[in-house]
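Notes follow the structure.
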Amino acid sequence: MSAQCCAGQLACCCGSAGCSFCCGCCPKIRQSRSTRFMYALYFILVVVLCYVMMSNTVANEMREHIPFFEDICKGIKAGDTCEKLVGYSAVYRVCFGMACFFFLFCLLTLKVNNSKSCRAYIHNGFWFFKLLLLGAMCSGAFFIPDQETFLNAWRYVGAVGGFLFLGIQLLLLVEFAHKWNKNWTAGTAINKLWYASLSLVTLITYSIATGGLILMAVFYTQKDGCMDNKILLGVNGGLCLLISVVAISPPVQDRQPHSGLLQSGLISCYVTYLTFSALSSKPVEVVLDEHGKNVTICVPDFGQDLYRDKNLVARLGTALSCGCILYSCLTSTTRWSSDALQGRYGAPELEVARCCFCFGPGGEDAEGQQNVKEGSRVIYDEKKSTVYNYAYFHFVFFLASLYVMMTLTDWFNYESANIETLFSGSWSIFWVKMASCWICVLLYLGTLVAPLCRPSPHFSV
């Protein structure tokens, strides 16, 4: 038994399966997914560390309850109150180490197409040593000379990378909308029930978008005042109407017969969500009522008590943001998303309509079921070829590291940023979300209008 345990631990540290030895009671998992899970786990660990560094509450609790706190801070040369280990500058350094970690593996796995190569083994194993490497990179960033110059330069790199991460997600959303419509439209040639499915989903998307805009008009505006909210809701509602009209216009339909209201309805839902998210992130406006008391306006009444509990808002906001970022990273690194970003699409006549159209008929790695070793909890599904692009996977996590860095440090209001007030209201986050909303609309309009100017297979939908 001890020999088997030692062998399992060695496999966890050096093998190609992500800690499979300790999961004998867990269901079987494919190697490609276990690898992505392990990298996602490393990402979560660093994000949690950054959350702690940005929390004034945690810093105060440590100062009050850790004996000889100031002596420890002086001993590690972090300042009298460990000010070098907290705040936006500390998050910049830690995220610099994490970004370097993923960028290093991006370079290491370039053009890896065979999971049996040496570089593929490094990507899929050696988890203990990679954890040590990640910790060393994050710690080493605190010893970079000329910290002021480094932070100023790294701030601009983070902004560019963060916006690029958002751009990739928006582009993939647009491509997803086109793929959905094309796949289900292909089914109408065989079964007319696909027309009903298309109509039902289209009706649902427009109902959600319209209902969301109406509810925001009710709760985020008032009869007197809130003019900026009214303008933004009117502009974004008008953009949803514009993309719907363009999608079914005769010139677009003539050049792109697969274009329709399903795509524009899905984009409208996302625009509505971003609008709601932006208005929720907007700093609250406080005015004096007739009795001389401070009253918040332009926000729902039921949300005012929630905003007072800053710790609860910070925890919920951080958890939701981390979950959304992880979901974006993992879904952005599938084979389909990689092909979509490179402009590679399947022929329309080869489309087979399916409810779960993102994967092949048997899943992206169906052959993995044939590669199960007796007694193993890991399905080795990459024996023939890689299931996803390793280098692209690490590049997306590299950009996500920069996005997390900018988000937790309140983008351009970094000097006064802390996690307790970050999700209670921030102009930086508000305008980033509004800009993302408008960029998404422009990207979708570009896929509709560009073929009219210069026909190209890249814009065929």
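Just so it is clear, glycine is given a Cβ too, placed from its N, Cα and C backbone atoms.
Here the structure is a predicted model, which means the values were calculated and not measured.
What TrEMBL records for this protein:
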TRANSMEM  37-54  transmembrane segment
TRANSMEM  90-110  transmembrane segment
TRANSMEM  122-144  transmembrane segment
TRANSMEM  156-174  transmembrane segment
TRANSMEM  194-219  transmembrane segment
TRANSMEM  231-248  transmembrane segment
TRANSMEM  387-408  transmembrane segment
TRANSMEM  428-453  transmembrane segment
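Contact between the transmembrane segment (37-54) and the transmembrane segment (156-174) is not supported: fewer than 3 Cβ pairs lie under 8 Å, counting only residues 6 or more apart in sequence. Counting Cβ pairs under 8 Å to the transmembrane segment (387-408), the top-ranked stretch among 90-110, 122-144, 231-248 is 90-110.
Take the transmembrane segment (231-248) and the stretches 90-110, 122-144, 428-453: counting Cβ pairs under 8 Å, 428-453 has the most.
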